[in-house]
Amino acid sequence: MLDAIQCIEPNFSGKGLKIGIAMARFNTPVCHGLRDACLAELEKLGVAAGDITLATVPGALEVPLVLQTMAKSGRFDALVALGAVIRGETYHFELVSNESGAGVTRVGLDFDIPVANAILTTENDEQAEVRMLEKGGDAARVAVEMANLHKTLRG
């Protein structure tokens with residue numbers, strides 16, 4: 001039966017793809033690690049530097065608005081959200097984590113565009129530092145794979 005099913009294989013070729021990145025500046029060292037890993041992976045996947053737009057914002061709560069603006073422009077095949085929310089001693093962590101995550105997801109669904117979410121939510125700086133390189137690269141791969149899948153499915 002599987003032989004009769006049309007299977008769409010993952011496509012990690014970034015050639016010709018336009019990628020928009022919204023990056024929070026709060027927790028700067030972690031965000032820079034995410035950014036550097038994401039850009040390095042996009043380059044490995046064949047995305048040209050001139051096809052990448054990077055916009056920075058104050059914090060994670062501002063990321064969805066910039067993603068929405070990028071999505072509305074119609075200039076991008078996929079978007080990437082980068083940021084770091086590290087738990088403190090107040091309820092603010094939950095608020096920022098939940099709202100930024102929901103906003104990022106909503107942009108993708110509302111504007112029919114793939115969005116890779118690499119806004120880290122961690123208990124401490126050490127966890128963020130361990131995850132930043134892996135998750136930055138993951139976000140790049142997700143953006144490229146989903147952009148290609150999206151194009152294939154849309155015909």
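Heads up, the Cβ atoms here are built off N, Cα and C, so glycines get one too.
What Swiss-Prot records for this protein:
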BINDING   Phe26, Ala60, Leu61, Glu62, Ala84, Val85, Ile86, Asn117  5-amino-6-(D-ribitylamino)uracil binding site
BINDING   Glu89, Thr90, Arg131  (2S)-2-hydroxy-3-oxobutyl phosphate binding site
ACT_SITE  His92  active site, proton donor
### Task
Let me know the largest Cα to Cα distance in Å among the 5-amino-6-(D-ribitylamino)uracil-binding residues Phe26, Ala60, Leu61, Glu62, Ala84, Val85, Ile86, Asn117, as an integer.
16
### Task
Could you tell me which of these recorded positions, His92, Arg131, has the greatest number of Cβ atoms within 10 Å of its own Cβ?
Arg131
### Query
In this structure, which of the binding-site residues Glu62, Glu89 has the fewest other Cβ atoms within 10 Å of its Cβ?
Glu89
### Query
Using a 10 Å radius around each Cβ and counting other Cβ atoms from all shown chains, which of the binding-site residues Thr90, Asn117 yields the largest count?
Asn117
### Task
Using all protein chains in view, find how many other C-beta atoms are within 10 Å of the C-beta of Ala60 (5-amino-6-(D-ribitylamino)uracil binding site).
28
#### Entry: Cβ neighbour count within 10 Å of Ile86 (5-amino-6-(D-ribitylamino)uracil binding site)
19
### Task
Give the maximum pairwise CA distance in Å, whole number, for the residues Glu89, Thr90, Arg131 listed as binding (2S)-2-hydroxy-3-oxobutyl phosphate.
23
### Query
What's the most sparsely packed of the binding-site residues Leu61, Ala84, Val85, counting other C-beta atoms within 10 A?
Leu61
### Query
Nearest to Asn117 (5-amino-6-(D-ribitylamino)uracil binding site) in three-dimensional space, by Cα, is which of the recorded positions Thr90, His92, Arg131?
Arg131
### Message
I need the nearest neighbour of Ala60 (5-amino-6-(D-ribitylamino)uracil binding site) among the recorded positions Glu89, His92, Arg131, using C-alpha distances.
### Response
His92
